[in-house]
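Colleague: Pasting a structure here, questions to come.
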Amino acid sequence: MSDDALVEGPPDRKAIEADDEIQGSVGTSNISHNTNLMIAAAAATTNTTTSSSSSSSGGSATNQLSRYENQKRRDWNTFGQYLRNHRPPLSLSRCSGAHVLEFLRYLDQFGKTKVHMQLCPFFGHPNPPAPCTCPLRQAWGSLDALIGRLRAAFEENGGSPETNPFGARAVRLYLREVRDSQAKARGISYEKKKRKRPPQAPLPPPQPVMSSSPNLH
C-alpha cells in the first residue's frame, strides 16, 4: 500500500513505553458499529484525498484549500463521534494526548499499509516479491497529516494552543516512532530532500578608487 493511508504514519518514545496501558484502555472502549463505519469511511476518504493530491499537482489553489477544509471538517466530526462513543464518554475539554494516541491506534484497524515484522523475510524490502502475513497499519504520512488537521481544527473551534491535545509531546513522540519504525520495516526513507541552491554568479572584482583631490606640484 502507499503512504497515503489515513494515519500510520513518519510520528514518537515515551508514548511507546506507555503503549500497553493505553492499548488496554483501547480494548475497553466500546465503539459502536456506526462509529466504526464512520471512521472507516473517513479513513478511506483520507486515503483517496491524499492519493489524489500526491499524484496530480494541477488544480487551482482554491480547490485545494476547499478539499483541505472539507477533510478537516470530516476529521473533526469523526473525532467528536469517537469521543461521544467512548466508554465512559469523553468531553473535548477532558481530552488529553493519551486519548489522541488511543484514537490513532484504533484507526490502525482501517490501515492499508503493509508493515513488515522483524522476523518477516521482507523486512526492510521496499518492493516485496511476494505477499506475507504481516499486519496492515495506517501509514505515517497519513497519521501525520491527520494530526495536523485536527490540531488546526481544535484551535479553530475555540481551543487554546497551550492545551491542544493534538500538539502534546506524547503525540509527537508517537508519530516520530511510527515514522522511524515504518521506514525500517518498509526499507524507505522519509527524510526530506534538501533543495539544491542555484550556483551564485561570481562577484565582479573591486574597481580601483580614483582620487578626486587635485595633484599639487
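Including glycine, each Cβ sits where the backbone N, Cα and C put it.
Straight from TrEMBL, here's the annotation block:
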| type | residues | note |
| --- | --- | --- |
| REGION | 1-31 | region 'Disordered' |
| REGION | 44-69 | region 'Disordered' |
| COMPBIAS | 44-63 | compositional bias 'Low complexity' |
| DOMAIN | 67-194 | domain 'ALOG' |
| REGION | 181-217 | region 'Disordered' |
| COMPBIAS | 199-208 | compositional bias 'Pro residues' |
Colleague: Counting by DSSP secondary structure, give me helix, strand and coil numbers for the domain 'ALOG' (67-194).
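Modeller: Within the domain 'ALOG' (67-194) the tally stands at 76 helix, 4 strand, 48 coil.
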Colleague: Could you tell me the mean pLDDT the prediction assigns to the domain 'ALOG' (67-194)?
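Modeller: Overall, the domain 'ALOG' (67-194) comes to a mean pLDDT of 91.
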